[in-house]
Amino acid sequence: MAEAGKDAAPRRFTIDTEGVDWRRREPVPLPPTLVAAKRAFYERGFHGTSIRDIASRAGVSLPTLYYHHDNKLGILVELLEAAMTSVLAWVGAAIEAGDTPSEKLSNAIESIVLHMTSDLELASVAHEFRHLAADDPRRENYVAMRTETENMLAEVIEAGRESGEFRFDEDIKDVLRYLFGACQAVTTWYRPSGARTPAEVARSYALISLRVVGAQNVDHLGDTQTTDNDSNDSNRSLKERKQP
């Protein structure tokens, strides 16, 4: 995996996971303008959202909005960083809570899917990353955090393969692409109003990930209970949408 950029800009968001159950997910604290933007981007897409729409939703004037943010693309960058800060922090905590490679991988995937299902609006901004030009320097911090997350999972999977706990022949990079792609796709179909809770979906994906790497003797992991996040405030605004 590629190395994270050493000169990446300071991160604007912090998540304190100390002494907190990594399965208990609260919304990432965001100012009203970013809350308005994530909802607008989720409903209309980046191109379909105007800067005036964001200001109107946030209840602020355009001058006030521009005082706090450079432009619409700058707002997207802040949301991308907020999302990846959350993923990175909670995946790290989830891996730390596991004892074996199987437990660590299961926890990590469960944590990623909980991120996707506990705040669909914020998680979905990852689909808008394509609007950042390849030479845009603002990409660096987001890419560095994404790479750091990938590297953490790569270390877990490599440790599992070396110990014989995981048995697969495929390139680890391909396995990672498959797992991350599957997790990210959750935002395209999951709806809080559906029959399955965030905890159920997260646990299912965690068990599937273990099968992907050929994990051995992991039946006991299926008994682990996750924390239901249906009461999460960030999902209440989405209840009217239907899950297929």
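Note: Cβ is positioned from N, Cα and C throughout, glycine not excepted.
In TrEMBL, the annotation DNA-binding region applies to 50-69, one of the ranges 50-69, 90-109, 190-209.
Under 8 Å from some Cβ of the DNA-binding region (50-69) lie the Cβ atoms of residues 31-33, 35-37, 39-40, 44, 75, 78, all in the same chain and six or more residues away from its ends.
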